[in-house]
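Chemist: Take this structure, written in structure tokens, and hold onto it; I'll ask about it next.
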């Protein structure tokens, strides 16, 4: 048994220049592990609490309170625990906090410790993180959902939908699929410039031009896919983030007002016209009636992903499964607070034939933990932004490294 011998946490910066937590764990054999916690912009109401200082520093976004919790209460209670018993560690963190959403210690504090301990344990054994967390069956490279046009809360433009993504299905390897996305991304930049559109980037590395409506990005993507020579090998995915468009039971976009039935009809039209594989957060997190209707209409045709709807929460997902809402769940560890709770949600989804998509947050870092985690849990899909900005490419580069020892790419088998 190796025990947690020491730990520390301190402020670092995320990709938006906001403070976040870096946690470091030291084990009794001298092994170490560290982790940097991400942060979201478009967040679900039921996410675990990200503890911020709310004072004059960094416009209130400092995390010194959470760091004090790590270096104080958490350290006092986990030093001496078995580093290889992740469940015991994470249960201890949950019990220490005393709430379901980590409103005392902060989910950013607990997740940092949870991630760093897993990494330290893997380092102690001299094995990759994905192998430590996933065992012998962790070997499948996920299909990336590459967000190459940004809108909504991730960009300062007039596009309502938050993410327009491409997914490389028709390839035999992850690296070839990634290459196709890189080539399409480069063509898109030239296409936007030729049309006189901005090629400025959004939070996740995608382009963020002002466009006529929410279908022009889809037309642009189809043009670029064709120019790159990858027709029939690439599918499209959307993150509508519709909770951001929802007010008083209605949806406000493109200068119009939509009921949930109107919006569902809009999605049906889009799916008939474009090769759309997936729609995320197609309806607001509180619009349960709408989600049931959407799943009845499109659930047998495309992937319907709940992000704000489920917030990586096992209990909320279980309720959604019983109500037949969505058929897939986005997996964001910082929505729930520990590695163990994240894994439980994935297992519940898989037992009920719900797909899983491992996901970054818009406020990210160079930490590539989720790349290993996606392979460990065989999620089959990963969202980690565009092929630009180092905090995004860090995850892709880690997956390329993992592929050197694992040559199975899900691709068309998804």
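Using N, Cα and C of the backbone, Cβ positions are placed for all residues, glycine too.
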Chemist: Out of 189, 190, 383, which one does Swiss-Prot list together with 162, 332, 361, 362 for (2R)-2-phosphoglycerate?
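Modeler: For (2R)-2-phosphoglycerate, Swiss-Prot names 162, 332, 361, 362; of 189, 190, 383, the listed one is 383.
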Chemist: Check Swiss-Prot for me: it has 239, 307 binding Mg(2+), so pick out which one of 216, 268, 269, 280 it puts in that same site.
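Modeler: As annotated by Swiss-Prot, 239, 307 share the Mg(2+) site with 280, chosen from 216, 268, 269, 280.
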Chemist: Check each residue in the chain of residue 239 (Mg(2+) binding site) that is at least six apart in sequence and keep those whose C-beta is under 8 Å from its C-beta; list them in sequence order.
Modeler: 147, 152, 161, 162, 163, 165, 279, 280, 281, 305, 307
Chemist: How many whole Å apart are the CA atoms of residue 204 (active site, proton donor) and residue 383 ((2R)-2-phosphoglycerate binding site)?
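Modeler: Distance (Cα to Cα, whole Å): 10 Å.
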Chemist: Using the alpha carbons only, what distance in Å do you get between residue 332 (active site, proton acceptor) and residue 383 ((2R)-2-phosphoglycerate binding site) once rounded?
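Modeler: About 10 Å separates the two Cα atoms.
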Chemist: Within 10 Å of the Cβ of residue 383 ((2R)-2-phosphoglycerate binding site), how many other Cβ atoms can be counted across all chains shown?
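Modeler: Residue 383 ((2R)-2-phosphoglycerate binding site): 30 neighbouring Cβ atoms within 10 Å.
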Chemist: Based on DSSP, name the secondary structure state of residue 280 (Mg(2+) binding site): helix, strand or coil.
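Modeler: Looking at the DSSP assignment, residue 280 (Mg(2+) binding site) belongs to a strand.
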